[in-house]
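Take a look at the structure set out below.
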């Protein structure tokens, strides 16, 4: 037995070194078989550099040309350089006049600190009211513009008004450039960016209000939002993990992609915060963006880690904005903060669930209910413990806008009648169709929609597609070979190779569209620049001149909010109301002052005006005798409905009122109107009345 065991043991001992040799040889073989990353050929690097250089040059050039076009068009429309300062300021209407007036105040202040203090403790604009104008009106653009104007020494080179509108036009150029880059990122070709810019400029009547109201908050904020969308697109589209998993990829390429991702992340952080500072309603738009990201994450259409990094940017921007916006409680009770916190809490509950299992699928379904419930609960709790001004008028407006409620309230109906809040008209769709934008947008939208549905059911990856802009999405779809391939797969095209046909169409179709747009719309744009228009408003100029020469410095003027904004800008006199719609008290003031165009007695109007310490009343003939606007949307019609002097239903049956319309009756100069009001100035458009000091009221 011992002899038999000897060889056996010897045999086993011989196997061990053999096993060790096999492992070493296997390692050597594995190392030998591993491909060494090769450097990218120089001609490929040159092609890549040339493509990026040409695309960037085209993007920057498009933005600069658009900014120059806006400047030239503005000059032709208003003859701005040939106007006096007062006539230039009159071109700023409504709330635009208010914003620019504070820019002027900052330039007149002895120091920046003093100017900011006067704006944050402003008691020279609205009678009987001290407001923090910086917080309430989001005047950060005006603060920045005033600092830049004085710090750069521009006061020795250019007039303040040109510097101000130049910044806004420059931002619009950045807006167009960001749209260009986003289309480029999504489609992979800068040809899509060119088509986006062309469609945007051609349809600018429906895409921007820059031509009519330059200082609007949206004109300052939306360029930053476009930059945020471009950065977000680049951040979500670059998939660094997949590149890291490929063993043959060059380290230089991986380093470039990581650098691009960090750049996109930093740009997204900065633009998100800036956008939130520039516009008081920005967090509502970001809330919709967060919902879109949540849906993509829920259906595994994007990397969850990247999406949650974007959520962190939201939280950081909200809290930083809260601190720097004078502890703006509206940001703490915003739905965006509650929604993002709910998403973070829901993610913590899903960390221990293994992906791909049945439990994980159940958690996906529960996740929707959990996030919605937590969002509503957190928002209610935040509103209970955080002191804030409830935007009740905004909630009521949304209820009426979506048909959930009806109201006779003047303010709500007046807001609903504004052109920017009207449903798209037939002319709107006709304009988009004539420029070929609408047909391609519908085609791309349908293709993207069914592609996403297909991906959701098949549970596979797909590129992230998100943009609120029709021009950008349509241009992306037309220039994207991937989207053409998707369409051909649905059509089961087999006569021609789908890949080759997709590449050809992705270049031929946008080229044909571009040439047709050039032929049809370029002459129109040139005609607009060559055509001399004239802004002629002598009545308003005469009114402002009379106020500056004849009215006491301490006088308080009452009238329509739009006119009060112009008076504040052109004269600096105090007014009773402003064309702002984010404050309940100002909205109530506007409604009360508008009663001068209602069928109410002189005594009621007098009591209203004196309650705001008004000294002068201005009646506008254009409002009193308004005939041109949509039926039911005239100011006097809305007042009659709110006061019970007219009924909306049953054929607009008019109810009885023993008093005539005040704005007409006061012009006749008979009792009791002459006891309360004395006409001191008038022209074709305006009638100015001094409010008398009356001891007792007559019946």
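First residue shown is number 1, and so on along the chain.
Cβ coordinates are placed from backbone N, Cα and C, and glycine is handled just like the others.
Note: TrEMBL annotation is automatic and uncurated.
Range 469-487 is the one annotated as transmembrane segment, of 393-411, 412-430, 469-487 (source: TrEMBL). Within the listed segments 161-178, 215-232, 233-250, TrEMBL records transmembrane segment for the stretch 161-178. By the Cβ criterion (distance under 8 Å, sequence gap of 6 or more), the transmembrane segment (332-353) is counted as touching the transmembrane segment (365-386), at least 3 such pairs being found.
Among 52-73, 262-278, 499-518, 52-73 has the largest number of CB pairs under 8 A with the transmembrane segment (161-178). Long-range Cβ contacts of the transmembrane segment (52-73) within its own chain (Cβ-Cβ under 8 Å, at least 6 residues beyond either end) map to 165-166, 169-170, 172-177, 180-181, 184, 190, 193-194, 197, 201, 210-211, 525, 528-529. Through the fold, the transmembrane segment (262-278) approaches residues 138, 140-141, 217, 220-221, 224-225, 227-228, 230-232, 234-235, 238, 286, 309-310, 313-314, 316-318, 320-321, 324-325, 331 of its own chain, all at least 6 residues removed from its boundaries and within a Cβ separation under 8 Å.
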